[in-house]
Every structure is written in C-alpha cells, then in structure tokens.
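Below is one structure, written out as structure tokens; the observations come after it.
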Amino acid sequence: MKMPKKIMTYCPYCKKHTSHSVERVRKRKASELKAGQRRFRRVTSGYGGFPRPKFEGREKPTKRIALRLVCDECHKAITPPGIRAKKFEIVEA
C-alpha cells in the first residue's frame, strides 16, 4: 500500500480539516527493567518450561501498520486505527 506524505484530514484540536504529515510508528526496544520483564525472567530461569501455554490459534496473514498524523498548523499528533497491509510505503504525492 502506498500512502502520500501529506494528507488533508480533520484535526480534533484545530476543529477543522488541515494538512497532516504522515509518519510510521515503529516499535521501540522493550525495557529490561520493567516489573513484568523481571518477573518473566525469574519464572523462566532454572528448571521447568515456559510459564504460559503455547498459543494454539492461527497466525494472522499481515501486521497492522501504526501511523501518526501530525497537524501542520498546531503540531499535535493523532493516531488513526491501524491498517492491515503486507507492504507499506510513504511516497511523495
């Protein structure tokens, strides 16, 4: 899927349609010091298997693409619902 770098859409902060810059949101590296990660490391260490059962459902065919739309007037960002696509590209329009 190809998406233009700039799109006209409604800004809830300006309360009107304005030009927005499109950015793709990427997942950052998970912190090793969070409580859940420390607990997970403690449970999986030593003898014994994985603490949770293996997921038996099917694999989804595609990943959801997370976008950030930044308003060119007020510079506030909105996050539209994720789009499913195998390929995603931001192009000059």
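Placed from the backbone N, Cα and C atoms, the Cβ positions cover glycine too.
Record features (Swiss-Prot):
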- 11-74: zinc finger (ZN_FING)
- Cys11, Cys14, Cys71, Cys74: Zn(2+) binding site (BINDING)
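By the criterion of other Cβ atoms within 10 Å of the residue's own Cβ, the least surrounded of the binding-site residues Cys14, Cys71 is Cys14. In this structure, of the binding-site residues Cys11, Cys74, the smallest number of CB atoms within 10 A of the CB marks Cys74. Each residue in the zinc finger (11-74) has a pLDDT score, and their mean in this model is 93.
Compute the center of the Cβ atoms of Cys11, Cys14, Cys71, Cys74, which mark the site for Zn(2+); besides them, the chain residues with Cβ within 8 Å of that center are Pro12, Tyr13, Lys16, Thr18, Asp72, Glu73, His75, Lys76.
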